[in-house]
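A.B. asks: The Mg(2+) binding site feature in TrEMBL is assigned to 6, 99. Annotation comment: TrEMBL describes 4-125 as domain 'PIN'.
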């Protein structure tokens, strides 16, 4: 079964000091299942990597290595154009528009969501979205 993956899980794949069972399971599924994310994932990952570099968690050069590895992943990035769904989910669950975009994508594709974000997970549960 396909699934939606968010930036918290993707970051855990690449940052040495982050891990989690959800990230491990999602990475294992990526070998045999389709994975989707809103196109904003690329921007979120760049921000996470810049923050990690500024905090000396990774070196400046590692940012580019990680981005190359990210680009090689079999992820389908979808345009985040369902403004109505995203805004309504964000309002209903007090989510950021970014987090609501992941939830909206999981709902529209009727697939599980992989996230480490507790607030997003709680909203997904209320929307009857299953988890990786």
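Yeah, the Cβs are placed from backbone N, Cα and C, and that goes for glycine too.
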A.B. asks: Quick one: of 6, 99, which of the binding-site residues has the smallest count of other CB atoms within 10 A?
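C.D. replies: Taking 6, 99 as the binding-site residues, the minimal 10 Å Cβ count falls on 99.
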A.B. asks: For residue 99 (Mg(2+) binding site), name the DSSP secondary structure in the helix/strand/coil scheme.
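C.D. replies: Its secondary structure by DSSP: helix.
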A.B. asks: Quick one: what's DSSP say for residue 6 (Mg(2+) binding site), helix, strand or coil?
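C.D. replies: DSSP assigns residue 6 (Mg(2+) binding site) to coil.
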A.B. asks: Average the pLDDT scores across the domain 'PIN' (4-125) and report the rounded value.
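C.D. replies: 96, rounded to a whole number.
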